[in-house]
């Protein structure tokens, strides 16, 4: 018996919901920003005010104790100290820290520029360097995205390879995909987020929590600049340190991009934006999940050749664009 297909929901509107999905997404976005604003204001506002009052009090006491200093001269000294810090000097001891505009420091600055991390603790001061930085970033940022995409594709191929081998051994493709995806997630957590803080704790004198905070803020390209490697004036850093951290940033960003891609695929799935308004009937489930054979017996809706169901990490189904269009773009 022929049954008419249900009318598809208009584009930009969640099925069964009167509110457009774009409006719901914008409201959720603004609500999330409001949440962050309130929490950070509550946690950091009073501490910032106390720090400012303490600085002004110390400055006033310095002027009272050393009458030879006048206020303009002290303000000029403070500005010079701030500028010296921006130029790479650390005035906490008699010597400066790593020369950040030396060869290794310049390489690390180039990495932080094209990866858009931008810690903010170091910036070019000459006009020639600023102009070069503009063109360097214009070419380097797209190039970095291409490299990250290629590295992510290689990671996907590795996971797919292990999933196919495990599936052939166990004769259970679903379990193999789940195990391969979970292994990729756990190994990435270990290599890029859990183990590096141990190195940072040893080299920088940070706690493990501070090292983990730096690792995530760096790989997510947030880059506040409150924690930056190579800035401890009492530490002698080996030459390989920043180079190895640069490689960690490159591969870690590719791995984290896969995880963020999975989260985005879950958030952008139609019907999950407004789950309270989504109602699926038994007939809808039948029409989407089963087909009737010649004897009116339900048969499984198997994917076409070249199309694979989505695994637990959302990486098994990704194919080359041409193969996907040829195998999945038309209904059988």
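Quick reminder: no glycine exception, Cβ is built from N, Cα and C everywhere.
Noted in Swiss-Prot for the protein shown:
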{"type": "TRANSMEM", "residues": "21-43", "note": "transmembrane segment"}
{"type": "CARBOHYD", "residues": "65", "note": "N-linked glycosylation site"}
{"type": "CARBOHYD", "residues": "94", "note": "N-linked glycosylation site"}
{"type": "INTRAMEM", "residues": "106-124", "note": "intramembrane segment"}
{"type": "BINDING", "residues": "118, 119, 223, 224", "note": "K(+) 3 binding site"}
{"type": "TRANSMEM", "residues": "128-148", "note": "transmembrane segment"}
{"type": "TRANSMEM", "residues": "180-200", "note": "transmembrane segment"}
{"type": "INTRAMEM", "residues": "211-230", "note": "intramembrane segment"}
{"type": "REGION", "residues": "221-226", "note": "region 'Selectivity filter 2'"}
{"type": "TRANSMEM", "residues": "244-264", "note": "transmembrane segment"}
{"type": "REGION", "residues": "287-312", "note": "region 'Disordered'"}
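Long-range C-beta contacts of residue 118 (K(+) 3 binding site), restricted to its own chain and to partners at least six residues apart, with a cutoff below 8 Å, comprise 112, 223, 225. Spacing of residue 119 (K(+) 3 binding site) relative to residue 65 (N-linked glycosylation site) is 37 Å (Cα to Cα, whole number). Mapped onto DSSP helix, strand and coil, the region 'Selectivity filter 2' (221-226) counts 0 helix, 0 strand, 6 coil. Cα of residue 224 (K(+) 3 binding site) to Cα of residue 65 (N-linked glycosylation site): a span of 36 Å.
Mean pLDDT across the region 'Selectivity filter 2' (221-226) comes to 88 in this model.
Within 8 Å of the Cβ centroid of the K(+) 3 site, not counting the listed residues 118, 119, 223, 224, the chain contributes 112, 117, 120, 121, 217, 218, 222, 225, 228. The binding-site residues considered are 119, 224; of these, 224 has the fewest other C-beta atoms within 10 angstroms of its C-beta. According to its DSSP assignment, residue 118 (K(+) 3 binding site) is coil.
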